[in-house]
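Asks: Under the heading disulfide bond, Swiss-Prot lists Cys68-Cys75, citing similarity to another entry as support. The feature substrate binding site is assigned by Swiss-Prot to Tyr122, Trp123, His162, Asn215, Leu216, Tyr217, Asp218, Arg249, Lys254, His255, His349, Asp393, Arg397. As annotated by Swiss-Prot, region 'A2' applies to 225-428. Annotated site 'Transition state stabilizer' per Swiss-Prot: Asp350, in sequence order. Here Swiss-Prot flags 517-600 as region 'D'.
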Amino acid sequence: MNDLNDFLKTILLSFIFFLLLSLPTVAEADVTNKVNYSKDVIYQIVTDRFSDGNPGNNPSGAIFSQNCIDLHKYCGGDWQGIIDKINDGYLTDLGITALWISQPVENVYALHPSGYTSYHGYWARDYKKTNPYYGNFDDFDRLMSTAHSNGIKVIMDFTPNHSSPALETNPNYVENGAIYDNGALLGNYSNDQQNLFHHNGGTDFSSYEDSIYRNLYDLADYDLNNTVMDQYLKESIKFWLDKGIDGIRVDAVKHMSEGWQTSLMSEIYSHKPVFTFGEWFLGSGEVDPQNHHFANESGMSLLDFQFGQTIRNVLKDRTSNWYDFNEMITSTEKEYNEVIDQVTFIDNHDMSRFSVGSSSNRQTDMALAVLLTSRGVPTIYYGTEQYVTGGNDPENRKPLKTFDRSTNSYQIISKLASLRQTNSALGYGTTTERWLNEDIYIYERTFGNSIVLTAVNSSNSNQTITNLNTSLPQGNYTDELQQRLDGNTITVNANGAVNSFQLRANSVAVWQVSNPSTSPLIGQVGPMMGKAGNTITVSGEGFGDERGSVLFDSTSSEIISWSNTKISVKVPNVAGGYYDLSVVTAANIKSPTYKEFEVLSGNQVSVRFGVNNATTSPGTNLYIVGNVNELGNWDADKAIGPMFNQVMYQYPTWYYDISVPAGKNLEYKYIKKDQNGNVVWQSGNNRTYTSPTTGTDTVMINW
């Protein structure tokens, strides 16, 4: 009998061991590192359209559409549906390590006069309650625990720009933009006794200023310079951080002041830091320097519309070629300080689906392969792996009806998501173009000695590739996609030259070597902004298991935890400014520096600075400069601006909302700069002002 028990135990242990070996590689994803998504694959879900796991919480009446016949109405998707698709392996087998879900807060219940509803989650009513049609707080907690136990982070959408549709002259329009604080009415649009909203009409998108301080369409626009609204929104996001969210996608960042949003990010990073990225929409071919400035200075990353629009032009619409794509890769690497933290995509809820029919499936597969091997944090829009089609909103938000794990796209995502976890070149690497013409793009990602080489042929004919060079070591390399896109094997010689080969029509091949560094290399730092005492995480390779040191320029920081690939430290007590980070191992080996971490001068508040009677000639603008890093440290080249003078105040009064250290004695002056860079300083003594310890403020002076 004992022999039989021993035999059964052996069989059982062998079976358990086999199951453990069979777990997908993505289970290695680190859900505790909430500030680094470089190796992750995000899956964007419009919660109402993904899966209806609990029909009992569906709405009734005019706002619900049975079988989703009316795409403007609720269709039943909920958090239970997402939980089910984690538990049945659909999302984990796909290789997903982060979910971006619709804003979870309570939305308006009323039907818009045009037949629209708040199914999308962007018409907030109460940020401290759940949308009951998605689920209650118990459901949300189960979603978080289920995701985390399966190696998946959860990102929430967040709309601090506006509440819901409203009209100045009609209090019965939808719900009058009303906003509540855990059930208590804060205010509404037509009876705005606390001045919570802007009342400047709708934006015509004619300028950056106009888009910030006027309503986006008919949405009631928050006055973020109002202390009540400022504190309510910051309390609200901290409420959800305490619920365990791992990331935030901020809606409509182009339509809020950078100053207020920087103060928001400071609040988040001082409370519970998580990876945060914003939506700054760019059209096809559009390049906006203000977009790059925001990504570099606000404290958050952005959805990379330059990447998304360009890959669509090359592979979907065929209006651009690989020269254009390579130019985008090259230019954005210079324009974004942390290009690997920008969030890339091929389609989303605000543009038509990439797939347009079965004849385009190959292009979808190819685009996904490029997305998942390029720099940035890749995002898959729900259903793209099933070749869901649809034009613009709402056709691009159809319910997902099939969960087929055998589609080519599903398999490609799964394989490359796994490779992102195991080869640091995809998460952290630089990009080098190796072979290029209108139809062919061969590019190499490199981090230390880890290399991924990807080749794409978007033409309808086979192409002979000669004179290709690579950093891959000598040897034969098989296609990591296992010929799912007709890839081939290559032979690399000792000098890096690749033997000539045929790159098949409409094919993608991926070749790689993973060779983790034994000397320290920093791959990512998150967040890249914080005040003294904040916790940041340094990710990379070769740090060693024994503690060394992390330097901000030459100043050591307090170590919280240390491993070979991840270090957590506290920002040292240094003056506000920009510092280069480096890791020094216990063996006294120093890493290359990671550039320009911004140390804030303290807790941040948003202050509106304004000046009256500042007349200028055409081509001359007004700026502000002062005695802290947030005001440029008296460097005219780093002055804040150009200031605004059209909406909240009109010329010759100028104004600008700026994030400054709280409770700080500030000195500052205004300067005039012309288009040639000539500067005229405001005369007299430095102006002085003490910023508030919390909330917001406005300080106006005369020129």
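The backbone N, Cα and C atoms fix where each Cβ goes, and this holds for glycine too.
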Asks: Would you list the DSSP helix, strand and coil counts for the residues of the region 'D' (517-600)?
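Replies: Computed counts for the region 'D' (517-600) are 0 helix, 48 strand, 36 coil.
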Asks: Just give me the nearest neighbour of Tyr122 (substrate binding site) among the recorded positions Cys68, Cys75, Asp350, Cα to Cα.
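Replies: Ranked by Cα distance from Tyr122 (substrate binding site), first place goes to Asp350.
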Asks: Spatially, and counting Cα to Cα, which of the binding-site residues is closest to Cys68 (disulfide bond)? Options: His162, Leu216, Asp218, Lys254, His349.
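Replies: That would be His349, nearest by Cα distance.
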Asks: Identify, among the recorded positions Cys68, Cys75, Leu216, the residue whose Cβ has the fewest other Cβ atoms within 10 Å in this structure.
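Replies: Across Cys68, Cys75, Leu216, these recorded positions, the one with fewest Cβ atoms within 10 Å is Leu216.
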Asks: Quiz question: given the recorded positions Asp218, Asp350, which has the greatest number of C-beta atoms lying within 10 angstroms of its own C-beta?
Replies: Asp218
Asks: Using the structure shown, find which entry in His162, His349 (the binding-site residues) has the sparsest Cβ neighbourhood within 10 Å.
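Replies: Relative to the other binding-site residues in His162, His349, His349 has the fewest Cβ atoms within 10 Å.
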Asks: Are there any residues at least 6 positions away along the chain from Lys254 (substrate binding site) with a Cβ closer than 8 Å to its Cβ? List them or say none.
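Replies: Listed in sequence order: Tyr208, Ser211, Ile212, Glu279, Trp280, Phe281, Asn291, Phe294.
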Asks: DSSP secondary structure for His162 (substrate binding site), reduced to helix/strand/coil, please.
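Replies: Note: His162 (substrate binding site) is in a strand by DSSP.
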Asks: From the Cα of Cys75 (disulfide bond) across to the Cα of His349 (substrate binding site), what is the distance in angstrom?
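Replies: That comes out at 16 Å between the alpha carbons.
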Asks: Taking DSSP three-state, what's Asp350 (site 'Transition state stabilizer') in: helix, strand or coil?
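Replies: SS state of Asp350 (site 'Transition state stabilizer') = coil.
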Asks: Just name the winner among Tyr122, Arg397 (the binding-site residues) by count of other CB atoms within 10 A of its CB.
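Replies: The largest 10 Å Cβ neighbour count belongs to Arg397.
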